[in-house]
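See below for the structure under consideration.
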């Protein structure tokens, strides 16, 4: 059971992010590099948070202190990452091999950067839990919550998605200088992180975190230009076959010779085509 729970919780937390990566990022090497680089900036934020936490010995017993400053460092390094992208925009155009969409469309960069922040954040928040999940032992023997593992996985997934949405909102706020939107990202990050201090009261923490996730997702969807029309267009696009397929029909006939004579205004040409006992007819479906 412990191994099954390990895979189940792991897929809950990282299944959707891995799918997002495979469908939207993996095919583009530039996006993959940007995702890894943004994850590295999150690690730098974690490093500086740890240095501050170790330096202030008097407040090491206060978990909220380290949490608040960790959030602030993450947003600071998100801003530094944005500045680095702005400086490297010319270089990105040169190495993008003609595909300038990732540079011209700012929301793509924000999405990729947010997913990088989210994946590494979720990995660090859940990796120790997953390591203990395989056993030996049974959770809940000492009146501990038996849904600890599942709740941790669901919370990690929420924060991965939140980082994606925060990345889109953060980049858009700086581009357009919408400081109220920037304040929303920071305050929402603080609220979502601080509410986890109430764990294991999951009846409070989980709904709150997921309400913030849904609100931030809707906000980011609108900011990125989404509307009911784009939703209908996306649904219509999935029902219409856009890829071309080729089917081959094999028919056995006797050897025949067909003569096709084409006459134009000035010239007359005769084409003779021979088919063998087995001919292939290719039908393209678009």
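Keep in mind that glycine also has a Cβ here, set from the backbone N, Cα and C atoms.
Of the candidate ranges 64-84, 85-105, TrEMBL annotates residues 64-84 with the feature transmembrane segment.
Residues of the same chain lying 6 or more positions beyond the ends of the transmembrane segment (108-128) and with a Cβ under 8 Å from any Cβ of it are 9-10, 13-14, 17, 20-21, 24-25, 31, 34-39, 41-43, 46, 74, 78, 81-82, 85, 101-102, 152-153, 155-157, 159-168, 170-172. Contact between the transmembrane segment (64-84) and the transmembrane segment (178-198) is supported: at least 3 Cβ pairs lie under 8 Å, counting only residues 6 or more apart in sequence.
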